[in-house]
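Going by Swiss-Prot, these are the annotated features:
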BINDING   Ala63, Val64, Gly65, Gly66, Ala67, Gly68, Lys69, Thr70  ATP binding site
Amino acid sequence: MSGLEAIWWRERPGPLGALAGAPLLLAEAPFRAAAALRGALYDRGLLPAARAGAPVVSIGNLAVGGAGKTPAALAVAARLAGRGRRVAILSRGYGAARADARVASDGAGALLPAAEAGDEPALLARRLPGVAVLCGPRRAELARTAVESLGADALVLDDGFQHRALARDLDVVVLDASNPFGNGHLLPRGPNREPPSALRRAGLVWLSHADRAAPERLEALRALARDATGRAPVESRHAPTALLDGALREAGALEALRGRRVAALSGLARPAGFLRTLEALGAEVALARAFPDHHRFTAGELDAVLREAAASGCAWVVTTEKDAVRLDPALAAAAGDRLRVVRVDAELLRGADVLEAALAAALAAAPQPRPAPRAPVA
């Protein structure tokens, strides 16, 4: 985590932290004004929101990175597919070398590597067979492709809360219950793209890491969610579900980490959560190397971490599945048995019935696609 990010996520920065962030206060004011103006233009219909021709469920957040949005998107897409829907996920594709519209998966299998699709689309494509994944900056264009070319009849808009150019039938906003708003400021002074008052646009609040939140904070967030949306929130924890090798194949039970001395390698917005996961699994984290979010590890970086791990007596270098999909297959193969990957999924603690009801209402309320016009009779 960089020095700036440390200021962002420190809820009570103290005098030195406040002083370090003071120059950014001047930049926060125009960002706040621009965000408010843009929101008002959409609220009043002066900026249009395109209809997709299929129900759209947006998964987003208020802050930048690390809220647990990807596990939530996985869970929502799986539940929609379980209802018999032909699902497509629309993603910005952060971390990709390309910025054009592209199909990462047509539902039959991954078509693009993470370097071209972005790490989150690559992960979603790998984890969700039968679900199409499209990526690019213009999500309305992706929606048309998904509906018209791939036959999708339910769309999941990944990181979509601020992407209001595409209309949606349900806005799910994910908050990290352990630290939902950081220092409370907007970019660049803080981590937030919008203030908490923006939750009034949401249809459902999802509290990730609810198991790590203090009881009084959890109660306050539940009240905030009900006041904003009229619904109780969904609450989840990041549950480790599999231990994989560098090629993302099963590599034994998670219990194998218990008592093992390991090195943690990550490129995440908030790497501390990954360290807590490893410690909860009983691993002894002797070494931790954290890179910026969406970072693609080079051969030199991976080799250096492997050497440090060996020198520290570590059995494995352990990384996340999102990091592993970015890893060049040749590098993963070279690491061999020295590399392990922990998969996590969103385990719902409360609100499964609320989620199902919200999805059902969104599917029922969405405008149905217009039938294609009949050809004139000769």
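Backbone N, Cα and C atoms are what each Cβ position is placed from, and that goes for glycine too.
Those same-chain residues not listed among Ala63, Val64, Gly65, Gly66, Ala67, Gly68, Lys69, Thr70 yet with C-beta within 8 angstroms of the centroid of the ATP site C-beta atoms are Asn61, Val174, Asp176, Ala269, Arg270. Cβ packing within 10 Å was compared across the binding-site residues Ala63, Val64, and the lowest neighbour count falls to Val64.
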